[in-house]
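Just below is one structure, and these are the notes that go with it.
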Amino acid sequence: MYKHGTSRSNDLGHLEIGGVDTVQLREQFGTPLYVYDVALIRERANSFLQAFKKRGIKAQVAYASKAFSCVAMVQLAKELDLSLDVVSGGELHTALVAGFPVEKIHFHGNNKSVFEIEMAVEAGIGCFVVDNFYEIELLREAAKKYQKTVSVLLRITPGVEAHTHDYISTGQEDSKFGFDLISGQAEEAIVRVSDDDAFEMLGLHCHIGSQIFETTGFTMAVEKIFSYLAEWKTKLNYVPKVVNLGGGFGIRYIEGDTPLPVSQYIDATIDAVEEQSAKLGIDIPEIWIEPGRSLVGDAGTTLYTIGSEKEIPEVRHYLSVDGGMTDNLRPALYQAKYEAMIANRSNESSQETYSIAGKCCESGDMLIWDIALPFAKHGDLLAVSCTGAYGYSMSNNYNRIPRPAVVFVENGDPTLVVKRETYKDIVQLDLQLSGKGLSK
Ligand SMILES: Cc1ncc(COP(=O)(O)O)c(C=O)c1O
Ligand SMILES: N[C@@H](CCCC[NH3+])C(=O)O
């Protein structure tokens, strides 16, 4: 397994993260367990913020909390001076409970409900990233009801296809998200919002996809937006204060993944915005971004205990762990690949090829196919790396399996930030039949 951040092998040959022995973490908190290397999250947040600061660009770096949302994570984002992207009432509620500064919250989503919109308008969030015409109507009504001016960015689909998995690519024209450029929807939305006192039109937003390893997608998106801005400047006298280029910066899950240093993505983006603004003769707009995966992805490791084993001679050697697609849906959903190690014997060299199965009643519940590991057996501790983004946040209770706990580790200290679900939690919303049968 790739050792990064603060992870290392300690004198006992155990994997240590944030100065805490993972074997000790299992004793204290059980498995499966999500472990976050807080120092690495701090480092990533700083790299993004510094990349803009160094260039003297007014910016907001909004943590896309869909990647991993819980009260402690939102509080860490606050401490790190980030803004916050939320995409549902639930993520917004988490942010409010965490005491996140409301003016730095940006609300996304292609089908925000009236309830969610009113909740956000009432709270006074920083801006809505408006996705469609129906939302403009709902927002106008909410603005009137709460007698507030609502700040908005308009989400547009720039027609740029990021080289990534189809399900996580969002900038192409045929997408459920945002206003389309070619058909004129984006222009129509700008007119409607700019002409209305209910709104403060902050600017434009686009997000081309996720797990991107090149700068070209981002620079092409900038060029595309500015080619339309040239037209809108003349025709509508419209110039944006803010251009939000979304998230999507890739991380290394396995060998062969080649993410760029954060500063390289940001520099390329700033260069493109500066060049295009100069061409257009406008002030450089504020540049906002929304990284999720690149802030928390490789800071997360999931610890599992190995249980049963099945060897089919000449075919495959399965090891099953005490979690699976309930705590990491990505392999089943996107064929995502991960690396792992035997954390209680982290210095031993690989001797056998195993496939790591989850415990769900589903043949597709495989976390890793064919990985080389030292000889392993029941009771060993398996650490799967880079599970920090879209792991806990997409976890579920399939087979009524409780969700794991989440622990932050830093400077030798573990802090429990999300408790392990219990069987009591699993049935807490269930109601008993009265005993009189279903019909009264
Ligand atoms: C609108 C928007 N912003 C930000 C993100 C965060 O993306 P990532 O986690 O790849 O940085 C996403 C998810 O892909 C998104 O849809
Ligand atoms: N959940 C996805 C990406 C998020 C897409 C958000 N627009 C993943 O695990 O990679």
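A Cβ is built for glycine as well, from the same backbone N, Cα and C atoms used for every other residue.
In TrEMBL, annotation is done automatically, which means it is predicted and not curated.
According to TrEMBL, the residue from Gly217, Gly248, Gly256, Gly435 that belongs to the pyridoxal 5'-phosphate site alongside Glu290, Pro291, Gly292, Arg293, Tyr390 is Gly248. Gly292 (pyridoxal 5'-phosphate binding site) has its Cα within 10 Å of the Cα of these recorded positions: Lys66, taken from Lys66, Arg330, Tyr334, Glu362.
Inclusion criterion for the binding-site residues Arg293, Arg330, Tyr334, Tyr390: a C-alpha placed within 10 angstroms of the C-alpha of Lys66 (N6-(pyridoxal phosphate)lysine); this criterion is met by Arg293, Tyr390. The Cβ centroid of Gly248, Glu290, Pro291, Gly292, Arg293, Tyr390 marks the pyridoxal 5'-phosphate site; residues of that chain outside this set whose Cβ lies within 8 Å of it are Ala64, Lys66, Ala67, Ser210, Gly247, Phe249, Ser294, Leu295, Gly297, Ala389, given in sequence order.
Nearest by CA distance to Tyr390 (pyridoxal 5'-phosphate binding site), out of the recorded positions Arg330, Tyr334, Cys361, Glu362, is Arg330. Selection of the binding-site residues Gly248, Pro291, Tyr390 by a Cβ distance under 6 Å from ligand 2 yields, in sequence order, Tyr390. Pairwise Cα distances among Arg293, Arg330, Tyr334, Glu362, Tyr390, the recorded substrate-binding residues, top out at 27 Å. In this structure, the C-alpha atom of Tyr334 (substrate binding site) lies 19 angstrom from that of Pro291 (pyridoxal 5'-phosphate binding site).
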